[in-house]
Amino acid sequence: MGNIHIQTKSKEYDVYVGKESLSHLTTIVQNMQPSVSNIMIISDEAVASLHLQTVVDALQIDQKVFSFVVPSGEKEKSFENFYAAHTSALENKLDRNSLIVALGGGMIGDLAGFVAASFMRGIRFVQVPTTLLAHDSAVGGKVAINHPLGKNMIGAFHQPEAVVYHTPFLQSLPEKEWRSGYAEVIKHALIGDVKLYHWLKEEVQTLADLRDEKLIHILTKAIPVKANIVAQDETEKGVRAHLNFGHTLGHALEKELGYGNITHGDGVAVGMLFAIFLSEQVYKVNLAYEEMKQWFLKYGYPKMPSDLSVERLVGLMKQDKKANAGTIHMVLMQEYGVVNVVSIPDETVHIALEAFQKDMVEK
């Protein structure tokens, strides 16, 4: 098992990664000061049916434990479920010394974290991720719900007390969720650990390789990339924006195709390829785009859909949180491991996106 220490200006906490990580949960709760009054577990239907009772049984405590379960899917990261969770919290007499446990993937981590950030102006919470994708979202304290006009537009920065990454929970994931989460692993390698990138190319030939000791190795390498960036810039005023590599187009694809119709990781994978495609033009460098594209396709990541309106996608990219005064800001790559946030004119993005779309269709 590997423990990773996270240090930000507002809080320090640990990420427990391994096959026995859940055994730490009771100790984490018992060591909290002031002592925890009661616990609300927030989960979704798919995860709850598999793992909720396991977590309840692992909590060897005297305090009341209850659950709030929402339907599964990104579209459930909504104001309606956020409001309903507050209602449940009030009905079950949560107070400022209560604890919320987020049991699920990134959607649940975001929703439960935002409930924790806002209930009585902020209470404690613990992340118990059940997906590979959540190795990114569970660390760093960004919590949010979606708005019909954009993803993660209503939210806060609220760090967890701990992250308990019990890897056996991931074994029930369908292949599309392994692929989705692996995109964020690739992102962390490309922007912050080139050695990990080369290791992935050698050791992860198929998604089936993302298991057991290799999985633990990947998590203990990818999470510190994010941790190091968050330590420098907790509230995304500077270098934390680098973590959005691939997300400008990725989020636009999610919005245009409809939340749930493309996984977050599939969107980010296409977005990273476009960022590399555009980076080669902007920086006049060779980033081996063609080789990268074939590597991505090998894992089953989608191509850029040929029937999408480039004009509509550019409009959605202008709504991205990095955008400033209606100007698109993208994270571009100078070389592997070196990225920057760059202001890009609409026309440049439009021309490049048309060329990228054509390239993805023809080859």
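Positions of Cβ are set from backbone N, Cα and C atoms, glycine also.
Residues His247, His264 are recorded by Swiss-Prot as Zn(2+) binders, and the candidate that the same record lists for that site, out of Glu175, Glu184, Glu311, Glu335, is Glu184. With respect to their backbone Cα atoms, His247 (Zn(2+) binding site) and Lys142 (NAD(+) binding site) stand 15 Å from each other. Neighbour counts of Cβ atoms within 10 Å were compared across the binding-site residues Ser72, Thr130; the minimum falls on Ser72.
Less than 8 angstroms from the CB of Glu76 (NAD(+) binding site) sit Asp44, Val70, Met107, Leu111, each of them six or more residues away in the same chain. Across the structure, Glu184 (Zn(2+) binding site) and Lys142 (NAD(+) binding site) place their CA atoms 15 angstrom apart.
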